[in-house]
Amino acid sequence: MLEEPIPLQNLPGSQQNVADSSQGSTLQPDDSSTLPIGATVQELPPVDRGRKAWAFCYCSFILETMVWGFGFSYGIFQEYYMSHPPFNKASAVMISAIGTTALALQYGECLLILLFYRRYPELIRSSMWLGLALCAVCLVVSSFATKVWQLIMLQGVFFGIGGGLLYVPVIIWLPEWFSERRGLAGSFIFGGSGIGGFAFPLLMNALLQSIGFRWTLRIWAAVMTIVSSLAMFGVHPRIPSPKYRGRQNRPPLIPPQMPFFKSAIFWSFTLSSTLQALSYFPVSLYIAVFTTSLSSPLSATVVLSIFNSSSIFGQIFIGHMSDRFPYPWIMFVSATGSAIAAFLLWGFSTTLAQVFVFAIIFGSLSGGFSSVWPAAATDCSRHKPELNPFVFGCFAAMKGVAAVVGPLLSGILHEAGKNSDSASYGRFGFGKVEIFVGSCAAMTGVGSLIVAMVRSRMRVNE
């Protein structure tokens with residue numbers, strides 16, 4: 001995912017009474033009923049190794065690429081819609097809402113889907129097929145759209161819902177397949193969003209320029225259906241799903257106790273993370289539009305690809321540094337660097353080279369911010385590690401809100417600043433957008449200092 005992946009540890013799939021070893025698995029006596037009739041413990045494939053484990057990893061990488069890579073390529077569609085009929089007369093705010101709605105739902109619905117699958121695990125597989133079908137149908141029907149609101153509903157709302165249903169099982173089942181090598185497997189899987197974010201803009205731009213958006217959407221619906229269907233044969237649970245009769249023995253839909261909601265560290269970090277997302281998403285959507293105004297659509301495609309791929313290196317580096325140093329200080333460096341890049345590099349950009357430098361720096365620092373999530377979630381669910389996935393779900397839900405609010409506010413600011421195209425700061429009407437992005441990043445830096453103080457006080461009290 002996302003630019004910002006959901007955590008790998010302590011997810012619902014790992015909360016079963018299972019003890020993993022390199023040779024096989026053992027279940028507690030009361031769990032034997034969850035296995036099919038005649039099944040034995042030895043039939044479970046090994047953890048961290050073997051053909052099935054790595055097949056799961058590779059196929060999950062493909063799903064990550066198809067779902068999130070396409071979402072992070074929307075900037076190319078946005079630039080095309082704004083400059084070609086029949087949508088070129090619509091407002092930039094309306095057009096930006098298409099991609100932001102899809103991303104927002106894919107982030108925001110993670111928590112709801114996790115809760116639903118916690119109670120009804122037997123529906124996960126069929127829900128994945130439903131999600132894929134919904135994505136494909138929405139893309140095909142979108143190709144016949146003549147109004148922006150139709151694209152918002154189809155390419156935005158329903159595609160976002162389908163993408164979430166298709167993808168969330170990956171983060172549920174990953175802890176079943178990998179334990180000691182979970183970080184390695186997760187890094188490989190989540191790299192799919194960066195790979196897709198790099199390659200798909202180039203592909204989409206070529207298709208849009210040669211055959212238009214209608215056939216581009218139809219072709220992509222076919223590609224996504226075929227590739228994702230093949231990948232789904234390798235994405236399945238290692239441990240058979242429990243068999244419930246009616247409501248018997250089903251866990252509650254919502255955990256009875258979630259004390260992290262009363263934690264100051266949770267709220268201070270959530271606010272900081274939301275501010276960071278408010279600064280990130282406007283850039284991911286508008287950097288292609290800005291570059292097209294400065295140079296050409298091809299240059300815009302390359303810039304967006306570099307911006308998306310830079311997040312891969314940012315995630316790896318920030319994640320590594322978070323293991324070595326307190327994560328609030330990593331947050332501060334990431335946010336402060338992003339603010340400086342937005343205020344200066346983007347604000348005063350007059351050449352394509354300056355935009356390239358901005359895309360690399362901002363994409364790395366801001367795009368890798370979510371790598372501090374695991375450490376923060378551990379603090380928030382300190383005495384109840386089984387609540388880790390729900391903490392992550394809350395982080396993702398707020399990021400989903402920011403994925404809508406940030407670009408919409410930026411679209412309004414861009415519309416208001418169009419008369420300042422010749423300004424020395426903020427060319428092509430982007431001055432107010434650049435100030436908004438830089439300000440949100442700067443406030444994230446302030447928030448990181450608050451997180452550091454709250455965290456220090458929490459540790460002293462313990």
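Any Cβ shown, glycine's included, is placed from N, Cα and C.
TrEMBL lists 1-36 with the feature region 'Disordered'. Here TrEMBL flags 11-35 as compositional bias 'Polar residues'. Taken from TrEMBL, the feature domain 'Major facilitator superfamily (MFS) profile' applies to 34-459. The transmembrane segment annotation in TrEMBL covers 53-77, 92-117, 129-146, 152-174, 186-207, 219-239, 260-279, 327-349, 355-378, 390-413, 433-454.
Annotation: stretch 186-207 has the most Cβ pairs under 8 Å to the transmembrane segment (53-77), among 186-207, 219-239, 327-349, 390-413, 433-454.
Of the two recorded stretches, the transmembrane segment (355-378) does not lie close to the transmembrane segment (186-207), with fewer than three CB pairs under 8 Å once pairs fewer than 6 apart in sequence are set aside.
Most Cβ pairs under 8 Å to the transmembrane segment (390-413), among the stretches 129-146, 186-207, 260-279, belong to 260-279.
For the domain 'Major facilitator superfamily (MFS) profile' (34-459), the model's average pLDDT works out to 88.
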